[in-house]
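Annotated in Swiss-Prot:
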CARBOHYD  ASN89  N-linked glycosylation site
CARBOHYD  ASN297  N-linked glycosylation site
CARBOHYD  ASN435  N-linked glycosylation site
SIGNAL    1-29  signal peptide
TRANSMEM  493-509  transmembrane segment
Amino acid sequence: MTVVCWSSRLLLLLPYLLLCVFGPSASHAGRLLVFPMDGSHWLSMLGVIQQLQQKGHEVVVIAPEASIHIKEGSFYTLRKFPVPFQKENVTATLVELGRTAFNQDSFLLRVVKIYMKVKRDSSMLLAGCSHLLHNAEFMASLEESHFDALLTDPFLPCGSIVAQYLTVPTVYFLNKLPCSLDSEATQCPVPLSYVPKSLSFNSDRMNFLQRVKNVLLAVSENFMCRVVYSPYGSLATEILQKEVTVQDLLSPASIWLMRSDFVKDYPRPIMPNMVFIGGINCLQKKPLSQEFEAYVNASGEHGIVVFSLGSMVSEIPEKKAMEIAEALGRIPQTVLWRYTGTRPSNLAKNTILVKWLPQNDLLGHPKTRAFITHSGSHGIYEGICNGVPMVMMPLFGDQMDNAKRMETRGAGVTLNVLEMTADDLENALKTVINNKSYKENIMRLSSLHKDRPIEPLDLAVFWVEYVMRHKGAPHLRPAAHDLTWYQYHSLDVIGFLLAIVLTVVFIVFKCCAYGCRKCFGGKGRVKKSHKSKTH
């Protein structure tokens, strides 16, 4: 009886077993083309690529031969294309950018120098993009590969041109774009009354003068963006054989994976194809190496301070480095300072210089008391994920805005790296370490950030696969993309209704005037004629 019973059960299970063995896999293996941007942008994308490869997808990465960080990997195929510049040129550009942050020229001279540098650097990158797109053999090989989707960082829209040339759906992986290009390309509303512009140093609670400043910045910001991005429109027009603007390049993206969230950023409108994956770089913490474990253990009850200004800053002017070293020597904590420049002569015993440090792993250690950072988005999120209060020294780009957001939330103190003194840095460190409110605020942000139904990495992987499976996501694209500017703002409707109202008012006015003439004009003429007869 028992044997018969088990046989019956096996017969019932057999169809399901066959379905599992021979049926279609849950995740359709596809081919993904990746066109990343070098530097930290690439490093944050690596986790997504690795997960996709583990799910059976074939990943091909294309990059210039002059790339610094993009190298061969075990979970992707790297294909490099020639460009008209060398790796040394890219390195020199990054070093110069780091030095620019410590330039103490007058404001006007700094603006001119920054403008010239942006123009020079963007010309170099544009030349690399043009070299790729005119490489007929390389582009033909990409076309023959029949990719299911392209994953790229739209900060430089070369990947967008490649996607349109290959006619493949695109997934963007970014923090944000300058000049609100991301909002324009997604048709996302940006109310200037409570959404601060980049470099405005405003929060989302603005007074009248701050709102005036916000509007003026919105009007003027397109000048710099025209220098960087307009040439890509001309290049795309040549390659695609049709008139193309930068917005035309960016707007077809299926999904925008935004490396942000509303724990760091202020609440604002979003669109259906904008997916927030802030904190994706907060990977699983690893045990510290013996070297760093020894540093942490030797710090005693006071703990450690982690100090890094990012990979772009390799050297600091001697005077400023000595001011920083003096301030660090005044606190009881052990300071691990990632620095590759000349060793300051006044470096204290509690300060250890290292060429590299496992930043996320150190921030996750319970003995870490504070984090000195340049406020890059990666560092900010690692500070949030690990609940470490911050002393922020923003240098360029979106770092000023990141620092303002953390300061507004009471999670850190911001210093002007050009104007700060040793006393300022000492006081800032002692404030975030000894004032419990900073630790409480950053822990609250950390708790909010981690309270989510799905990890950012898994969410990013899901949406890339989604686009690969469905050949895009056109159902998430708003009809606003197909409207003219006057249709979008309903100016034609307003004009039509206004014309009707004015016409009705005009007709009513004419009718009233006619009625008045009939009622009062006739009597006046009769009386006048009667008087003339009596005389």
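Glycine is treated like the rest: Cβ placed from N, Cα and C.
A map of Swiss-Prot features onto the structure.
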residue: ASN89; record: N-linked glycosylation site; DSSP (3 states): helix
residue: ASN297; record: N-linked glycosylation site; DSSP (3 states): helix
residue: ASN435; record: N-linked glycosylation site; DSSP (3 states): coil
What does the structure give for the C-alpha distance between ASN435 (N-linked glycosylation site) and ASN89 (N-linked glycosylation site)? Integer Å is fine.
45
Same chain only, sequence gap of 6 or more: which residues have a CB within under 8 Å of the CB of ASN89 (N-linked glycosylation site)?
ALA66, MET124
Neighbour tally for ASN435 (N-linked glycosylation site), based on other Cβ positions within 10 Å of its Cβ:
14
Please work out the number of neighbouring Cβ atoms within 10 Å of the Cβ of ASN297 (N-linked glycosylation site), leaving out its own Cβ.
12
